[in-house]
Amino acid sequence: MTNIWHTAPVSALSGEITICGDKSMSHRALLLAALAEGQTEIRGFLPCADCLATAQALRALWVDIQREKEIVTIRGVGFLGLQPPKAPLNMQNSGTSMRLLAGILAAQRFESVLCGDESLEKRPMQRIITPLVQMGAKIVSHSNFTAPLHISGRPLTGIDYALPLPSAQLKSCLILAGLLADGTTRLHTCGISRDHTERMLPLFGGALETQKEQIIVTGGQKLHGCVLEIVGDLSAAAFFMVAALIAPRAEVVIRNVGINPTRSAIITLLQKMGGRIELHHQRFWGAEPVADIVVYHSKLRGITVAPEWIANAIDELPIFFIAAACAEGTTFVGNLSELRVKESDRLAAMAQNLQTLGVACDVGADFIHIYGRSDRQFLPARVNSFGDHRIAMSLAVAGVRAAGELLIDDGAVAAVSMPQFRDFAAAIGMNVGEKDAKNCHD
């Protein structure tokens with residue numbers, strides 16, 4: 001640990017930000033562009049640690065990628081044009097990079113190894129290994145189906161497969177593998193998960209058929225390079241939405257935010273709590289809906305979150321818990337087993353931090369009760385990001401309603417998904433600074 005973030009409460013928030021490009025879309029654009037023939041230009045690319053891990057892996061597979069700030073140019077190599085890497089491909093902290101790239105590498109004609117940091121190598125990979133092996137892949141994993149993944153590429157055959165959970169990473173892995181396989185791949189989905197891959201593929205000239213709870217992919221297609229504009233990241237915007245809702249005298253505008261209906265549960269849930277959130281200038285960028293979001297300080301109330309909302313809001317739950325702590329009454333969220341196998345055990349980590357901040361909560365194996373108060377002032381305290389970017393940023397938002405300074409261990413881990421977080425925070429009046437850990441004491 002080399003740094004600590006520190007926050008101070010605010011008397012008001014106001015301002016306007018244009019949020020960074022969407023992380024999920026940036027990953028997918030890189031991968032599809034690499035598989036396409038010809039040149040692709042990606043505008044609004046998110047240069048966060050996770051997406052840069054995907055880019056670096058593709059470079060190691062001999063894909064030409066040039067980046068100038070938020071514009072990335074890629075010369076695609078086609079479905080089987082990737083070349084053997086000289087070393088294991090390090091996905092750092094990015095589960096999306098590992099799971100999606102595994103679907104591509106399984107069909108290549110060479111061997112490769114996917115590894116990551118300590119956190120990533122604890123995350124479950126059986127969900128992708130099982131169907132890829134059914135397609136003909138040869139994958140050797142570490143104990144308990146975790147990374148490193150040793151992949152011996154070989155020709156794949158399409159399968160008929162029922163997804164065991166609503167996971168966009170699993171679904172996208174198999175769509176990519178299906179494109180490279182012989183025959184047809186039929187995926188039977190269970191519940192809603194983000195559909196950026198399905199929306200983006202036709203922009204590259206690819207085709208798939210989407211029916212209710214079924215996706216059909218035919219192998220042997222060709223993709224072609226294109227010019228692609230990445231929408232603003234709703235998961236990133238959610239931090240500033242909650243900051244505006246809980247800060248006094250707040251009015252914040254967030255421009256160009258993607259409002260894909262498979263991602264927008266966080267907006268609905270905050271509105272159900274009484275949050276005043278308005279969507280202005282709704283339009284489309286390519287296949288993705290976009291809006292400018294205006295958020296006002298609001299008196300929130302506790303709610304019970306129905307299970308069907310969880311997959312849609314899984315990445316936003318840490319910041320949602322901060323909103324719940326500032327809502328009057330009890331908020332209940334269940335069906336949270338997936339939250340325990342993210343970059344950290346986010347359920348346990350957020351519960352521990354909430355309690356440190358003076359918030360009463362009860363936690364079970366897959367649920368949490370949060371006992372909120374509309375007059376909440378979080379206790380001044382030192383809290384722990386657990387090396388998790390979304391927890392670090394959620395705790396920074398809590399700082400706007402604290403009774404004094406919050407110290408956040410390893411706040412800089414936010415760069416995994418939003419290196420611009422502190423710049424955006426400053427633009428609307430939040431106080432988030434950084435100091436060296438050796439100068440901080442409990």
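Glycine is no exception: its Cβ is also placed from the backbone N, Cα and C atoms.
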Cross-ref Swiss-Prot: phosphoenolpyruvate site K23, G95, Q169, R346, R390; candidate in list R67, R123, R199, R422 matching that site is R123
Ranked by how many other Cβ atoms lie within 10 Å of their Cβ, the binding-site residues K23, R28, R123, K342, R346 are led by R28
Nearest by Cα to G95 (phosphoenolpyruvate binding site), of the binding-site residues K23, S24, R28, S167, Q169, is Q169
For R28 (3-phosphoshikimate binding site), the spatially nearest of the recorded positions D315, R346, R390, using Cα atoms, is D315
Among K23, S24, S167, Q169, D315, i.e. the recorded positions, the one with its Cα nearest that of R346 (phosphoenolpyruvate binding site) is D315
Comparing the Cα of R390 (phosphoenolpyruvate binding site) with the Cα atoms of the recorded positions K23, S167, D315, K342, the shortest distance belongs to D315
Checking the recorded positions S24, D315 for other Cβ atoms within 10 Å of each Cβ, the smallest tally belongs to D315
